[in-house]
Amino acid sequence: MAQPLVAAPSSSSITSPIPRKLCSSLLTPSSLSLSSNPRNSLQFLNSKLFLSPPSTSHRRLSIVAMAPKPGKAKKVIGVIKLALEAGKATPAPPVGPALGSKGVNIMAFCKDYNARTADKPGFVIPVEITVFDDKSFTFILKTPPASVLLLKASGAEKGSKDPQMEKVGKITIDQLRGIATEKLPDLNCTTIESAMRIIAGTAANMGIDIDPPILVKKKKEVIF
């Protein structure tokens with residue numbers, strides 16, 4: 001006995017949602033080849049009944065950080081070294097000619113220098129001025145020369161022409177330590193004891209004694 005043929009359902013008869021598993025299998029090559037009516041397959045495609053599963057692949061994100069462009073670096077066009085009396089810098093020589101040749105604002109430098117050295121009247125303060133290509137400048141104050149500090153401490157006006165025979169003054173060990181402490185940043189040493197010996201040597205060459213003395217005279221040895 002022949003079985004009755006069942007007609008394939010038309011697209012209009014499908015009203016309920018199709019399960020995900022069934023939708024995934026409808027577009028496989030095997031399922032499409034079994035359809036007796038190719039028009040049904042086109043209906044499935046046109047009505048978007050196939051629901052593709054969400055992608056599980058990971059997308060790689062590349063983050064590019066843009067570093068800020070650095071500003072234009074200033075170029076040093078000159079370094080000027082001067083020794084000026086504290087609080088008394090003026091546009092007169094040597095300041096005016098030295099800075100004017102580099103295009104530096106002379107009055108601005110004098111004002112800044114005098115303000116920073118106002119607490120050291122009577123001292124000669126060395127200064128190192130760095131000039132840039134945009135006419136701006138910076139400067140560093142050095143400590144006064146050791147000879148100036150020794151004359152101030154001893155009360156002498158100038159050093160001796162013959163320091164071995166003629167003495168012009170005397171300082172205490174505490175005064176020597178104070179001068180060495182002030183000069184330490186500019187000396188080629190790291191300890192206060194070494195700085196004191198360096199300053200003591202300068203004092204000896206100027207005819208200034210130290211009480212008590214810290215430098216021991218070397219004895220001459222006679223070799224027969």
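The backbone N, Cα and C atoms fix where each Cβ goes, glycine too.
Swiss-Prot gives the label N6,N6,N6-trimethyllysine to one of K81, K111, namely K111. Residue-level annotations in Swiss-Prot identify, among K75, K102, K135, K75 as N6,N6,N6-trimethyllysine. Among the modified residues K75, K111, the residue whose Cβ has the fewest other Cβ atoms within 10 Å is K75. In this structure, the CA atom of K75 (N6,N6,N6-trimethyllysine) is 24 Å away from the CA atom of K111 (N6,N6,N6-trimethyllysine). Annotation note: K75 (N6,N6,N6-trimethyllysine) sits in a coil segment as assigned by DSSP.
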